Amino acid sequence: MAHCYYNSKRGCNRVMKTVALVVLISTVMVEESRGDSQEDKKRPIWNIGHMVNAVKQIEEFLDLGANALEADVTFDDNGNPKWTYHGTPCDCFRDCLRWEYVDEYLKRIRELTSPGSSKFRKGFILLMLDLKISKLSDNAKSKAGKEIADMIIKRLWSGSGEKAQLYIVLSFPYVNDIEFVRAFRERVKSKGFASEAEKRIGWDISGNEDLGKIRDAYQKLGITDNVWQSDGITNCLTRSHDRLAEAVCKRDSDKEWPSLKKVYYWTVDKQSSMKEALKVGVDGMITNDPDDLVAVLNEFSGTHRLANINDSPWQKIPRPKSNC
C-alpha cells in the first residue's frame, strides 16, 4: 500500500490520484503495445474495388470498405490518356460504360487522399491504374508513359496544397508493353520526381504470362523493388489457383524474386473464393464487392486485417510456414 507523507489531506489525495493515473496509463500502454504487436503479426490485405471508373463510384466503393481502388485508363491511338473507362465486355453484373476524363479523375483522387483536404479519406491508401496500352505502337506506349507521368506529377504530387499520400500501382497486361515503363521512369527523373516515384509507384504485369518471363522483364528494366504480381480471370469464370500459388511461393523467396513484394488475385466476388485466396497467401484482391471481403476478413481476424497507410505495399511478408 502506498503511504502519503504530505501535511494536508488534499495534497495526499492529489498524490494518490496521480499515482493511480500513472498506473492506469502504464497499463493501457502495455495493453496497446500488446495489441499493436498482435496486429503487426497479421497479414495486411489490400481490398481493391474493381473498375471504379466514374467519380461518383469512388466514395461508393470506399464506403463499402475498400482501402484501394482500380480504374481503367484508355488511350487514343497516339498514346494520350483520355478516360477512365473499360467498355464492353467486362465483368458479369457490372455496368461497363461508366467513365470520367483521366485528368478530372485524378483531381478527385487528390482531394480524397491529401491529409489537409476537407474530403480526406484516411482509409484510401492505394490506386491501381489498369493501363489499356497493349494495342498501341511502341511509340504510342512511350508517349503514354510520359503523359501518365506528367498527369501524376501535376495532379497528385505538385501544385498548391498537400500532395496525395496514396501509393500507386501501374498495371499493364504484357511484357511487350514495357516501353511504357521506360518512358515513365525517364520522365519522372527528368522532372525531378524520381525519389517520389521510388516511394509511391509500383508495377504489375497482369496478363497471366509465365512468371519467369515477367521476372526477367523487370530485371531487363533494372527494376529491383515495388513489384506486385497478379493472377486471375473475370468473375464470370473460374480459374485454378496453381499459378497464384506459384506467385506466392516466388514472393516468399528472396532468392527466387527479390523485387516481388505483393501478390493479389482478381476478380473475386464469392466469399468462398476469397477465403481460399487468403489461405493460399495473397496480399490483396480485386473485387466488385469489397464489403464481402470485409466480412471475410472479420472471420480471419486472428491472422489477417485491412491494410492501412502505415503498411508499405513494397514490403515483402513471407508466410510463416511455406508450402513451396
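Cβ from N, Cα, C; glycine included.
Keep in mind that this is a model prediction, so the values were computed, not measured.
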As recorded in Swiss-Prot, which of CYS4, CYS12, CYS236 forms the disulphide with CYS92: CYS236
As recorded in Swiss-Prot, which of CYS12, CYS96 forms the disulphide with CYS90: CYS96
Binding-site annotation, Swiss-Prot, Mg(2+): partner of GLU70, ASP72 in ASP40, ASP95, ASP103, ASP130: ASP130
Shortest C-alpha distance to HIS86 (active site, nucleophile) - which of the recorded positions HIS50, CYS96, ASP130, CYS236: CYS96
Between HIS50 (active site) and CYS96 (disulfide bond), the C-alpha gap once rounded to whole angstrom: 11
By Cα-Cα distance, the member of recorded positions ASP72, CYS90, CYS96 nearest CYS236 (disulfide bond): CYS90
GLU70, ASP72, ASP130 excluded, remaining Cβ within 8 Å of their centroid (Mg(2+)): HIS50, MET51, ASN53, ALA71, VAL73, THR84, HIS86, MET128, LEU129, SER171
